[in-house]
Amino acid sequence: MADYPMFLLFAALTVLSPGPGVLFTVGNAVNHGLAGAFAGSLGIAAGALIIGTLSMTGVGVVLSSSPLAFSVLKYAGAAYLVFLGGRLIWSGPRSAAQSGAVMPETGQGAVRREDGFRCRGFRQGLEGVSLQLTNPKAVFFFLSVFPQFIDPRQETVRQSALLVVSYAVLVVGIHMGYAACAGQVQRPLSSYRGRLWVNRISGLAFLLFGGMMALARP
């Protein structure tokens, strides 16, 4: 694969571009620290692995060629983004308190409630997978971009697997870079009011992304 370095550059630029995934990772970094951001980025990478694998089969072709399938996936993705945005906005006080923010009344950090679903970042990971799987643009990315970097004279399956895994690794690496940058401002935003505004702004951004996805065309 002579074009492999070019693919890495193209994929890195794609992952670097701000979008719902980056916003999701930054929000996790501010609210849950690097551990939460890492769990979420692993979920996004796992979703990319699933979509990449399906795109190499007939499922990806069906999704890309069927207007109905595209519409179903598009509106499901838009609805999920709106759900995430609405949850951040309207449950802002509760989520800010549960993230360990300092309460203005007491000056003490709230006690975190850990249950089986949230244990070890499981919730962030699952949300990352869902975010990626409901993104129709991801399917079209794998179907339209990947074939351009595959040499038909070599084994196709092995090349495709290399590209998909490389993309997933880039997702984790680049998103953790975003998380590290967000971690630098985590302390100034550690107050209850600071995290409350972060959640509200992130929620509005998710609503915007959801609206844009709903209006997107194939």
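Yeah, the Cβs are placed from backbone N, Cα and C, and that goes for glycine too.
The annotation transmembrane segment is assigned in TrEMBL to 35-63, 72-90, 161-185, 197-216.
Only residues 6 or more beyond the boundaries of the transmembrane segment (161-185), in the same chain, are considered here, and those with a CB under 8 A from a CB of the stretch are 1, 4, 7-8, 11-12, 15-16, 21-22, 25-26, 28-30, 33-34, 37-38, 40-42, 44-46, 48-49, 52-53, 56, 142, 146, 149-150. Tertiary neighbourhood of the transmembrane segment (197-216): same-chain residues 19-20, 23, 26-27, 30-31, 74-75, 77-82, 84-89, 92, 95-96, 135-137, 189, selected by CB-CB distance under 8 Å and a gap of 6+ residues from either end.
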